[in-house]
Amino acid sequence: MGPRARPALFFLILLRTVAAQGRPPRSHSLRYLFMGASERDHGLPLFEALGYVDDELFVAYNHESRRAESRAQWVLGEAHSQLWLQLSQSLKGWDHMFIVDFWTIMDNHNHSKESHTLQVILGCEVQEDNSTRGFWKYGYDGQDHLEFCPETLDWRAAESRALTTKLEWEVNKIRAKQNRAYLERDCPEQLQWLLELGRGVLDQQVPPLVKVTHHVASAVTTLRCQALNFYPQNITMRWLKDRKPMDVKDAESKDVLPSGDGTYQSWEALAVPPGEEQRYTCQVEHPGLDQPLTATWEPSLSNTLVTGVISGIAVCVIIFFIGILFRILRKRQASRGAMGDYVLGECE
């Protein structure tokens with residue numbers, strides 16, 4: 001596998017894990033994204049970490065600085081607190097663990113000369129009823145590789161080439177118990193602390209702006225439902241036909257993406273038969289909405305005017321040609337009548 005740039009790695013992890021695994025309304029999450037490269041010729045350090053609370057970046061760390069740096073205003077005053085120091089120590093420990101794991105995986109693949117990448121996502125989710133779910137996953141060279149199972153203290157291999165590492169790690173029961181303790185105890189406690197710090201910021205809810213647009217290309221009519229400027233990012237979008245839910249395979253969806261201003265955006269497209277656009281409705285659910293929001297495509301006034309003008313011109317043209325045809329027929333009839341009178345006069 002060739003070198004990968006920093007943005008490609010980041011979005012690989014973010015889109016395949018955070019965006020793909022949307023959270024239920026009123027849940028909260030703490031996620032750490034680790035990434036690194038065996039060679040330094042493509043913009044990635046040996047280890048880099050990003051921490052997110054409810055999709056909000058709050059901390060960054062890399063192998064060169066070995067320092068946790070705040071990335072959100074609501075944690076700036078915590079740089080010298082005991083909990084922040086504990087977080088910094090955890091990141092330093094993960095730095096060392098990541099590098100050891102990286103070399104282990106490369107050795108088990110007999111990879112030593114080429115440039116390779118390792119990605120890790122770990123963290124927890126806390127639901128409204130205080131139930132928790134932990135996750136700890138590894139990706140190697142951009143592909144799912146290993147996943148930790150806290151219930152059984154073992155590892156699940158996502159591909160056959162991960163089996164050697166799986167068996168090697170499962171021998172170390174102490175590490176497995178430490179992983180489970182973090183996911184089930186330390187991570188939820190850390191999340192609660194961060195939620196308290198971010199109160200008023202992390203608990204804000206911005207409802208989406210929803211609109212449906214109409215596109216025609218290559219004789220295919222497509223309706224696109226756009227949800228813009230919403231927060232948090234967990235959102236549900238679906239198409240209804242005659243007010244009834246449709247099969248999701250009929251629609252083309254876009255991952256939830258950041259808008260660049262702290263909010264998110266997404267869209268869902270559907271190909272429809274021409275002339276039946278009004279039978280389709282886009283339904284959107286979001287924590288910022290009291291009830292599901294629906295939207296349909298409404299032809300713009302300009303389109304209506306253009307259609308009306310074209311129709312009017314067509315009618316006028318038809319009437320004009322009918323008038324000309326009528327006058328021609330009348331002239332022909334008049335000419336035939338005059339000719340008949342002339343012939344009769346000759347006979348007399």
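If you go along the chain as it appears here, the first residue is 1 and each next one adds 1.
Each Cβ is built from the backbone N, Cα and C atoms, and glycine gets one as well.
Bear in mind that the values here come from a model prediction, so they are computed numbers and not experimental data.
Here Swiss-Prot flags 1-22 as signal peptide.
Mean pLDDT for the topological domain 'Extracellular' (23-306) in this predicted model: 90. Per Swiss-Prot, the feature topological domain 'Extracellular' maps to 23-306; the stated evidence is similarity to another entry.
Annotation source Swiss-Prot lists region 'Alpha-1' at 23-114.
Among the features that Swiss-Prot reports, N-linked glycosylation site is placed at N110 (among others). DSSP classifies N110 (N-linked glycosylation site) as coil under the three-state reduction.
Residue counts for the region 'Alpha-2' (115-205) under DSSP (helix as H, G, I; strand as E, B; rest coil) come to 36 helix, 30 strand, 25 coil. Residues or ranges marked as region 'Alpha-2' in Swiss-Prot: 115-205.
Other C-beta atoms found within 10 angstroms of the C-beta of N130 (N-linked glycosylation site) number 7, with every protein chain shown included. As annotated by Swiss-Prot, N-linked glycosylation site applies to N130 (among others), with the evidence given as sequence analysis.
Under the heading region 'Alpha-3', Swiss-Prot lists 206-297.
Summarising the annotation, Swiss-Prot assigns domain 'Ig-like C1-type' to 207-296.
Annotation comment: Swiss-Prot describes N234 (among others) as N-linked glycosylation site, evidence class sequence analysis. N234 (N-linked glycosylation site) counts 22 other C-beta atoms within 10 Å of its own C-beta, drawing on all protein chains shown.
As annotated by Swiss-Prot, region 'Connecting peptide' applies to 298-306.
Positions annotated as topological domain 'Cytoplasmic' by Swiss-Prot: 331-348.
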For N130 (N-linked glycosylation site) and N234 (N-linked glycosylation site), the CA-to-CA distance in whole Å is 18
Rounded to a whole number, how many Å is the Cα of N234 (N-linked glycosylation site) away from the Cα of N110 (N-linked glycosylation site)? 41
Taking the Cβ of N110 (N-linked glycosylation site) as centre, how many other Cβ atoms lie within 10 Å? 7
